[in-house]
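Engineer: As annotated by TrEMBL, signal peptide applies to 1-24. Among the features that TrEMBL reports, domain 'Cadherin' is placed at 81-161, 162-270, 271-385, 386-490, 490-607. Look at TrEMBL and you will find 617-638 tagged as transmembrane segment.
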């Protein structure tokens, strides 16, 4: 039925469109076919006739309906000029937007047709230009005129929403009329023509929870107290319809998903009134006992719950914390439990919301309570000492078997098993103590020395007789009480010095004492001289009463020659009960001092030097004399060996030996640093007079043989000649010197460039041979070979 109704509406629209189109065409023909007035005359103020030229036709706007789908082209309008007599001599021409493609004109009648279907939403109007010309000459008969063809709108576009789906949130329990979201649709039809673009909004789905404003598209809540916990999400369908919402209008829809956001409108509730838990008495503090949970249907921070213990006899033994990940209350042990003392506890736990919304405070209170009953389970516990630690005292040097103290432990279980004790030998490696396994009495095994170990820290184990794995351990500290068993002694190894010129009653040293015993048996120290030397004629002692004593000179006139060392016994007594004393000997040396009392020497042999040499000095002098004699003998021996020939074997050539000198020498002119005879020719041994290294007294003339040898000379003969000249030349360097040979070998264009063998000045040399050395030495030949030429020119 609905489809049938839409087809009827469509047919009616087509009929109305055709009627409207026919009326528009008729109107256009009447409006666009205008006679032209060529001969209109007017009179001026003074009788002058004025002529005004008027256009042959006047153009108005043309209209054509969009989306026309008829079989024939649509007649848009007709152009006609007053000068057109109908004889066919006038030709109508159309140009501009769409001319010849969309719009065509009959050049004889002037009728304009639209050959294609037009869409106003694509283009709303076209601008064209018409002109009448002579058909034969194409001469314009009228000026061109511009006109507009407007595409008339029909309702062919349904409304469209900006989004196909919308998502919105609104708090639960919002008041009626609370704005949720605004949806907007648009229509492509012409809003200025009819109601084709006039939209009206309505709700198709989502009632009775929500409503929409017809003109604005604002969606609002329609029911109060919508509960998120009952239903969280709603799907709403909104329709936008054109033609003002009347019948025949086109429509479009969109979907809106509305989610209710949570508010804290629900208090936490425990699902049960009592929780039963149990814990072993062997549990340690901090161990978890159990968990409770209050349910809150709210989410996020609105559902956060905090737990606390508000009452009960176990408030001191247990505590509760909040696990915010699971929203549970965790009951933990706070102190150790004892099954034999108390077997059950009761707690009252409260769960409360962390964040409370003042708008819904009337729904409160936002908390709940529950009872937690905890039973303590019996466990096989290890023995327990009556004290966490023990401290005992025993006197040093006490006899073996002396009782130090007693430890006691018991089985906390109902069975009350017997206990056995033992000492941890890792804490008593020297085995000073022993314990009675049954009663826990600790005794000494050997004497103790406080000065060696003042405190003994041991550990004692207690185990059950029938359950060896159940044991306890307790630390025991034993203090060794001091007795006065050490006499005081000098605090250091004193050695005193007294001047020969010391005055009577002059103090020269202060001594102190040290006692290994405790302070109660040590200071105050008393210093004195033994009774047999209390009237010592040389020294006296003064007790300073501050645990120190001063030693003074009793007489004057000490002499190192008579006695240079004195031994003074001193008695030191401590303050213990009974007191102990010891005799310590102070060594006193007699020394020489200056007038100010400054120490000079304490050696008694210093006075002997005035009369003669001491034994040590004599020994030193004799040792020096012996050393000097040895040096003289060695020097003479070396001198004799130096005069012997350096070359021992006749067949040995000195040239094969390498002589090493450890000094650098003084250069070429230094002839004293080494023996030049070592470098002489060994032939001198057989009677041949060796060549001497002397400076020639005359200028050595250049040898003709130093000229470059021709290419035909044999190299061996050349070198042998040079050797013979060097051996017989007294002005040549020593035998092992380097010899320079000015020969380059066969095939060389040029001779040697070396000038090391030159013994004359540049003016005595002949450089004409440089001209024959080739182009590479032309520059050198110009510098040296042409010198005579320069002299002749000058």
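In case you wondered, yes, glycine gets a Cβ from its N, Cα and C as well.
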Engineer: Per DSSP, how many helix, strand and coil residues does the domain 'Cadherin' (490-607) have?
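Structural biologist: Counts, helix then strand then coil: 10 helix, 53 strand, 55 coil.
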Engineer: Could you put numbers on the helix, strand and coil content of the domain 'Cadherin' (271-385), residue by residue per DSSP?
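Structural biologist: Looking at the domain 'Cadherin' (271-385) with DSSP, the answer is 10 helix, 56 strand, 49 coil.
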Engineer: Determine how many residues of the domain 'Cadherin' (162-270) DSSP places in helix, in strand and in coil.
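Structural biologist: Split into helix, strand and coil, the domain 'Cadherin' (162-270) gives 3 helix, 47 strand, 59 coil.
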